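Student: According to Swiss-Prot, the protein has these features:
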{"type": "BINDING", "residues": "57, 58, 59, 60, 61, 89, 128, 157", "note": "4-amino-2-methyl-5-(diphosphooxymethyl)pyrimidine binding site"}
{"type": "BINDING", "residues": "90, 109", "note": "Mg(2+) binding site"}
């Protein structure tokens, strides 16, 4: 038997991945078991989708691949029904096993250009960046979008280092021809400033996953972001 027949990929369950949303006003929700507490992540994600979340990212650094796949299998029907992409953090193997819509990697994960070769040209590839140089490398590697942070400091990533503030985000948004999201400690009080700095949306964990009412929290973020986008457009 030829070796290539042993490693031939399984046929895809979904031939056309759901694309990354176009335009501005993106609310990008990242799962977190600690922020969820005793509540089921499936219930929280369902509520966020009802509230209008544009992207769901499956993130869990501390569980085996098998458990992450199981959670992804529970989330996929929810995101598919909503027409919203499901992106897997870091774990390319889990993303491929699920036939998820994309992968998000950080600076210490598998290099973005390698991930792009593995997942192919159609799936979403997100990259965490903190500098213009990192953002340019991500763009050259075939990234679909970049998330810039940690902006304000976040308990969800205690090893993230000191917050970088909004100026690096503004510089990246001016320089790189990719959608730019802000991430790191974003909430209703500061989301507008992220949009005014040039981001097309915000990536959040606690602001939605940890909220008493995730649906209402997602809707409230929408309202704040929409207002900030209007303000930015009027300012020229």
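Positions of Cβ are set from backbone N, Cα and C atoms, glycine also.
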Student: Pop the Cα-Cα gap between residue 109 (Mg(2+) binding site) and residue 128 (4-amino-2-methyl-5-(diphosphooxymethyl)pyrimidine binding site) into the table, whole Å please.
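Tutor: Residue 109 (Mg(2+) binding site) has its Cα 10 Å from the Cα of residue 128 (4-amino-2-methyl-5-(diphosphooxymethyl)pyrimidine binding site).
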Student: Hey, which of the binding-site residues 89, 128 is the loneliest by Cβ count within 10 Å?
Tutor: 89
Student: To the nearest whole angstrom, state the Cα distance for the pair residue 57 (4-amino-2-methyl-5-(diphosphooxymethyl)pyrimidine binding site) and residue 90 (Mg(2+) binding site).
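Tutor: Residue 57 (4-amino-2-methyl-5-(diphosphooxymethyl)pyrimidine binding site) and residue 90 (Mg(2+) binding site) have their Cα atoms 10 Å apart.
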Student: Give the sequence-ordered list of residues that share a chain with residue 109 (Mg(2+) binding site), lie 6 or more positions from it, and have CB atoms under 8 Å from its CB.
Tutor: 90, 115
